[in-house]
Amino acid sequence: GSKCPFSDDTVAMVIVTRENRNRDFYTLQTLRNHDEFKKKAITRPVVFITHGFTSSATVESFVDLQTAILEXXXXKVTVSDWRVAACNRTTGLLYYVTAVSNTRLVGRYIATVTKKLVTDYNVSMADIRLIGHSLGAHVSGFAGKEVQKLKLEKYSEIIGLDPAGPSFESNDCAERLCKTDAHYVQIIHTSKKFGIEKSIGHVDFYVNQGNNQPGCGIIPLKDVCSHSRAITYMTECIKRECCLIGIPQSKSSKSISSCTRQECVCVGLKAKSYPNTGSFYVPVESTAPFCNNKGKII
């Protein structure tokens, strides 16, 4: 049998709200035990965060991201923890293939939870946003396809944090995260070795040309560090308005200081309020908080 099986019991929802940060684990069956799910309706926007291969919801970078979202936006965060199906007990890349095949199933699971939120708790699809890292970005895409099959509206937004490249780069839309999976799909590219290179969203941000993130040191850790840096960048962009500004790739010689709201786009939860779409180059500093805007807000 598979070393990293998928079943509904191997995926847990870690529900984090401003009032309750216990990071308790829930399944579809036990959701109703959470205070938030004892109510008739959930009135706050919901964010699903999904991790990648060999990871889990309790990794420090995800906890930082959850905290930033709770503090900056009045949202309710649901983290899909599929560590078993993501093979976090094994490191062999042999298991990557299994984790890849599990992404569609975990996506379907998130779609099922979404339907429950909409039908039982009066949540509007316009208030649901998905954020996924690596394989979790494709999980979010599959969830986006599934909710449409369930005859629900599209999700308002999917944010793909360095979506996994291996096994996905050459796939067509139906087999990976795609811009039709939500009303707005925002992608942050940070690693060519582990991340997808092609543009697959409404906006694709190529931080430091989408590879070798500054401050990530030497190979082989450089690639792993660059790949996970996408999570850190998003966290900083939630904490600090316009922390990272993207310049249209066709005008990459342009300076951040000459950026206007019409042309450039700020990475983060407000990206979709900017008119421009396409591929953007994002220069970046080499130390936290990595912001490139020098205090400028567009």
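The backbone N, Cα and C atoms fix where each Cβ goes, glycine too.
Bond annotation: of Cys237, Cys242, Cys243, Cys291, only Cys242 is listed by Swiss-Prot as forming a disulfide with Cys266. In Swiss-Prot, the cysteine linked to Cys243 by a disulfide bond, out of Cys173, Cys178, Cys216, Cys291, is Cys291. In terms of C-alpha distance, the listed active-site residues Ser134, Asp162, His227 place Asp162 closest to Cys259 (disulfide bond).
For the pair formed by Cys225 (disulfide bond) and Cys291 (disulfide bond), distance between Cα atoms is given as 18 Å, rounded to the nearest Å. Reduced to three states, the DSSP call for Cys291 (disulfide bond) is coil. With respect to their backbone Cα atoms, Ser134 (active site, nucleophile) and Asp162 (active site, charge relay system) stand 5 Å from each other. Here the C-alpha separation of Cys216 (disulfide bond) and Cys178 (disulfide bond) works out to 28 Å.
Per Cα geometry, Cys242 is the residue among the recorded positions Asp162, Cys173, His227, Cys242, Cys291 nearest to Cys264 (disulfide bond).
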